[in-house]
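According to Swiss-Prot, the features are:
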{"type": "DOMAIN", "residues": "62-225", "note": "domain 'SIS'"}
{"type": "ACT_SITE", "residues": "Glu90", "note": "active site, proton donor"}
{"type": "ACT_SITE", "residues": "Glu121", "note": "active site"}
Amino acid sequence: MNKQNLINQFAQLITEQPNPRSVNLDQMSALEIVQLMNKEDQQVPLVIAKALPEIAVVVEKIVAAFRQGGRLVYLGAGTSGRLGVLDASECPPTFGVNHEMVKGIIAGGEQAIRYPVEGAEDNQQAAIVDLQAIQLCSKDILVGIAASGRTPYVISGLKYAKEIGSFTVAIASNPQSAMAKIADMSIETIVGPEILTGSSRLKSGTAQKLVLNMLTTASMVLLGKCYQNFMVDVQASNEKLVDRATRIIMQATGCERAKAEQTLTQADNNAKLAILMILMDLDKQSAVDLLAKNQDKLRQTLD
């Protein structure tokens, strides 16, 4: 693409426009700045609300993929890539899943999580190499994330994923984006211009984080990774999480702390298993077998 076409393309992006409400940003006090930011941020959940039907459909696609042994893969550059990596990294400790089930890929690799990597978002071939490195396949779902909706790295990844038969999703903060035209589904989060012109780590980034929260949390809930509203598959890998698992057992069963701690130990720190052992008065192996017969869903097992 020649320089003039690029200039014209960028000029049309909502995320690159100046915000009329922040033209005097450099003259504001600290309180005025944070008040304006807070007011602008209040628009974000309202924008997300308009995209809930699309988000729900994507959740159902993710659940179906998980049940077939597929993975959820996030692909992005800069802030968008970091948010994908963040959401993916939270799934194992929160839901007890392996690190391969949800993956975050950022343009420029691991270094780009902490430092900007020059030219990474424009490297189209790198996206293909990165997806081939994790052996992306037709069972997987690829979610491309970019506020602009036109990041070359992400567009290239979406095209490659479609070629091999993966279901593809685009998350962008500009309407009718180039990414949306490629992907099977699009989630548009049109939050408008940022108070600091072009700084899409602000409202656009917040919108992306909210959407990613929904995609993984709702998917894991539908897979049976919670009971009532407790994260019963939490990996009790430190003191805080052991205490959380203990409290979850107490709240779900009504038992005393000593009983919860004892059963959690017997269940090898598996809160879901401990709850079932207490509520149905089972030994560990019987509880394991019963859960297995009910797709590892505690609610279904108890009902």
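Every residue gets a Cβ built from N, Cα and C, even glycine.
Taking only the Cα positions, the spacing between Glu90 (active site, proton donor) and Glu121 (active site) is 24 angstrom. With a cut-off of 8 Å between CB atoms and residues at least 6 apart in sequence, the same chain places Ala77, Gly78, Ala107, Gly108, Thr151, Pro152, Tyr153, Val154 near Glu121 (active site), listed in sequence order. For Glu90 (active site, proton donor), other Cβ atoms within 10 Å of its Cβ number 15.
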